[in-house]
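Take a look at the structure below.
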Amino acid sequence: MAFLKKSLFLVLFLGMVSLSICEEEKRENEDEEKQEDDEQSEMKRGLWSTIKNVAAAAGKAALGALGEQ
């Protein structure tokens, strides 16, 4: 009976250790994905602001050209 208890505790302990390792790896992967998403959203924001600035400059130039005629 004592042998059965020891082996059961060993199995439970090893299962908990492997579970905690898997959870840690999962958290690391989620953190990496979040960083990549943040970087991509920053790039998109920068791209949109550049497009907006170019469109505003083109609009001003077009209005200036129409005003001169």
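Just so you know, glycine gets a Cβ as well, placed from its N, Cα and C.
Here Swiss-Prot flags 1-22 as signal peptide, drawing on sequence analysis.
The feature region 'Disordered' is assigned by Swiss-Prot to 24-44. Residue counts for the region 'Disordered' (24-44) under DSSP (helix as H, G, I; strand as E, B; rest coil) come to 21 helix, 0 strand, 0 coil.
The annotation compositional bias 'Acidic residues' is assigned in Swiss-Prot to 30-40.
Among the features that Swiss-Prot reports, leucine amide is placed at Leu66, with the record citing similarity to another entry. DSSP gives Leu66 (leucine amide) a helix state.
In sequence order, the list of same-chain residues 6 or more apart from Leu66 (leucine amide) whose Cβ falls under 8 Å from its Cβ is empty.
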